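Swiss-Prot has this to say about the protein:
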type    : residues                       : note
DOMAIN  : 18-267                         : domain 'ABC transporter'
BINDING : 54, 55, 56, 57, 58, 59, 60, 61 : ATP binding site
């Protein structure tokens, strides 16, 4: 089945769908406040994909949880996030539930823990449509089958009667993608959607998301540590470290001409098929403890280009159209 058979009209690509300004996420802990996301800024248009990249603890997932209103109870949000012209941070719970169901959806990292093991997959899909679209049970069943077909689930009608444990990891992730798209959201947030999958299934899921993006004109935020995933699907890339933006720009620019030592380190750590026998490169050290961040640039203790001026926090500045970075090292010395 063609995805276009189930697609509905979406905003024109020229329109800014999501605008995030100075997003800040802080958690109160017994040891003090931890700032997980520090003054994050980006925009996303309909049909675009933004990749948010970084090591564990960089603030990627907390950015997504803040936008979805899913922070832990000790979390606090600052800044602004405007979706379709509407401020969505700190919305009342009822409005937030409606927004999450009908406008913004999320694919979580582990589909096995996101699906109810005691309910048939079909029942879980149908529940979304009956609750949020007011469909009858028969209508919800047929629409769920159509969406499973759309995500290329083999024998979709038969699979409706199966339980999550009867599916492979890749098939469970297809179920989660189908569920996320049932209400035709304008924004899809995918949090490490291929981490637990083998490389063949990863490629299939990435191809599927690309097709869905084109057919539904859905904007996607792809949260990942895998730069190969970013290269395959993203239009823009935001590189995060210790809750801050290190580099931001078009995906092809960041890949072929990275201009921040952290971005360069991440790319150098990706295994290459044309470097047989070459040493596997890594970034020395570990991400910082957010309770005890180093003075100045948070990447300074691990940076091969660290200078005395790095004891001051580098501002995030534009150095060419559409590109930002936070680093004192001259651009030409990193290219």
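Backbone N, Cα and C define each Cβ position, glycine as well.
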Note to self: Residues other than 54, 55, 56, 57, 58, 59, 60, 61 within 8 Å, Cβ to Cβ centroid, of the ATP site?
What the structure shows: 225, 240, 241, 287
Notebook entry, point to check: Among 56, 58, all listed as binding-site residues, which has the most CB atoms within 10 Å of its CB?
Noted result: 58
Notebook entry, point to check: Within 10 Å of the Cβ of residue 60 (ATP binding site), how many other Cβ atoms can be counted across all chains shown?
Noted result: 26
Notebook entry, point to check: CB neighbours of residue 61 (ATP binding site) within 10 A?
Noted result: 21
Notebook entry, point to check: Tell me which residues of the chain lie with their Cβ under 8 angstroms from that of residue 57 (ATP binding site), as long as they are six or more apart in sequence?
Noted result: 242, 287, 290
Checklist line | Same chain, 6+ residues apart, C-beta under 8 Å of the C-beta of residue 55 (ATP binding site), given in sequence order | finding: 225, 241, 266, 283, 287
Next item on the list: Please classify the secondary structure at residue 60 (ATP binding site) using three-state DSSP.
Entry: helix
